[in-house]
Structures are given as structure tokens and as C-alpha cells.
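TrEMBL annotations:
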type: BINDING; residues: 63, 64, 85, 190; note: substrate binding site
type: DOMAIN; residues: 23-269; note: domain 'Aspartate/glutamate/uridylate kinase'
type: SITE; residues: 28; note: site 'Transition state stabilizer'
type: SITE; residues: 250; note: site 'Transition state stabilizer'
Ligand SMILES: Nc1ncnc2c1ncn2[C@@H]1O[C@H](COP(=O)(O)OP(=O)(O)OP(=O)(O)O)[C@@H](O)[C@H]1O
Ligand SMILES: [Mg+2]
């Protein structure tokens, strides 16, 4: 690459850097996007670069595959309902240890190694996330009412106290958050990371909520990318079974966040190198952008 090309690229990104300067960008880093060392390193560099050029990145991470690995080694099998892992007490211990320990600290260390100033926390720290038990409604056959499913210690976010996030970002730190919350009685909840990212993005009035996963975005029944999706598309595709598993909470959260202070939400493929930078600083419009019905 010639010096001229480097200068061109930097100058082309200038309008985006100006647009995002000082703005909060919440990035959900899916466990499924943490594929290899190079990708994890590129992600860490991207986050560090965002901070260095004046944006306020806040990272929320998942860790489904990493949790599975430990559960497998322990001989525990999980079942999933609407993309949520049934979480008994033993599974909850593993989820908290893997997310809040191994995965969180690995991301923290990697971003720090690139020169970012990172602090890892779970929803328990600084009273960040108060949670309550989630009730899951599963569509039943025909005219039957939906079935109510008890997911164990799966939580939903009842309250976000962003004070700790502001304190960290004001002092130049990048918060990296594991999706574990605490109930009113001190009980620990396993919360879907997309849900946590969306609630935190709303509490921070984030400019962007970017959900990094392991597919190009929302895919239709033919596997083709749906580049923009509104409520009707999303609800229709959930109903007819074309949005399944972990994509259900992801699409629901991306949509809901737009009604609660977030300017734009996107689902992009985090297994593409530097996907985050390309999304923020180019016109190429990768992935799926979610719109309000009137948007
Ligand atoms: N219509 C769809 N379009 C795209 N992906 C879909 C669709 N329906 C279901 N999926 C599945 O959703 C998965 C992404 O959600 P998943 O919860 O597995 O990952 P993640 O949220 O990125 O990671 P983690 O849950 O560890 O944080 C895709 O890998 C794909 O298999
Ligand atoms: Mg998921």
C-alpha cells in the first residue's frame, strides 16, 4: 500500500470520525465471533483504536461456545428454549465462572495489550444490572395458549445503573461487561448478552448498538442476507421459524433498543477481520441494519 492510499483512507474516514467523536458505541462481542487468535487480536485493536480517536466504546460479551466447552468437560448437557440456555444452579456457577472469569479477563488482557485501558466487570459490579427471572412463552400448536416455560436462573434486566460505566469512561477506561446480573434477593442470573448490550446501550443513549456474531447478519430462508429489517420482518420471520435460536433475542433486542434511546442498531459478522471498523468508518453497509417501522 502506498503512502498516498493510506492518506486517502484516513481522509475518507474523517467525516465518520467527526460524527462519532465523543459518542458511545456499545459493541456486543458474541462468543461465536471469538473464533481464532488473529480475529480476537483484530477486535482488541479495533476497540483500542475507537477509544484513541475519541469514541466511547463499551463492550458486552457472550460466551456460549466457551460455556459449552466447560459444561461438556463436566458432563453437563444444556437445553435451549427460544435461544436461552436452561440454567440450573450448577450451570449458573459455570456460566458465572466462565463469563466473569475466563472470557472477560481474556478480552480485557487482549485490549490492554493493544494499549487500551480496560476494566472488566459483571452486572454485579457497581450495581450495574439488577435482574429478575425470565418467563419464556413458547408458541403452542393451533389455537392453544402459549406454553409457559421455566428457564431456571435465566434473567431479564429489570434495571441498569450506568453510574459505574460513566465513572470508568470519564476516566479513560473501556468497560468490558459479562452478562451476569443480580436479583433483589442477591441471587445470580444468567442473562443473554444481546439483551444486556441492548439495555446498557439504552441506558447510555448510545449512538450505535453493534452486535457481532458469526453470520453476515439476518439471513432469509434461502440463506441470503437481509440488509435491513423492521418489526414486521422480524416478527414475521420469528413466527414462521426463519429466525431461530440465538437470533431470536438478538433481533428482538436490536429492535427494542431503537425505542429506548439508541440511534442505530446493526448485526454484523464478527468473524470478518476488522468488521467493526468497516461498519463504522465506511459506506459499505455490511450486515443487517434494524429499523423502526416508520424508520
Ligand atoms: N434467520 C437467521 N439468520 C442468521 N442466523 C440465524 C438465523 N436463525 C438462527 N440463526 C442462528 O443464530 C446464530 C447466532 O446467535 P448465537 O446466539 O448462536 O451467537 P452469538 O449471540 O453471536 O454468540 P453468544 O450467544 O455466545 O453471545 C447464528 O450462528 C445462526 O446459527
Ligand atoms: Mg447469542
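Placed from the backbone N, Cα and C atoms, the Cβ positions cover glycine too.
All protein chains considered, the CB of residue 190 (substrate binding site) has 26 other CB atoms within 10 Å. Taking 28, 85, 190 as the candidate recorded positions, the subset whose CB lies under 6 angstroms from any atom of ligand 1 is empty.
In three-state terms derived from DSSP, residue 63 (substrate binding site) belongs to neither a helical nor a strand segment and is classed as coil.
The Cβ neighbour count for residue 63 (substrate binding site), using a 10 Å radius over every protein chain in view, is 26. Sequence-ordered, the extra residues of this chain that approach the substrate site, with Cβ no more than 8 Å from the Cβ center of 63, 64, 85, 190, are 31, 62, 67, 95, 99, 192, 193. Other Cβ atoms within 10 Å of the Cβ of residue 64 (substrate binding site), summed over all protein chains shown, number 22. In sequence order, 64, 67, 78, 79, 91, 95, 151, 154, 190 make up the list of same-chain residues 6 or more apart from residue 85 (substrate binding site) whose Cβ falls under 8 Å from its Cβ. Separation of the C-alpha atoms of residue 63 (substrate binding site) and residue 28 (site 'Transition state stabilizer'): 11 Å, rounded to the nearest whole number. If you take every residue in the domain 'Aspartate/glutamate/uridylate kinase' (23-269) and average the pLDDT, you get 94. Reduced to three states, the DSSP call for residue 28 (site 'Transition state stabilizer') is strand. Taking Cβ-Cβ distances under 8 Å and a sequence separation of 6 or more, the neighbours of residue 28 (site 'Transition state stabilizer') in its chain are 60, 61, 62, 193, 194, 197, 209, 210, 211, 212.
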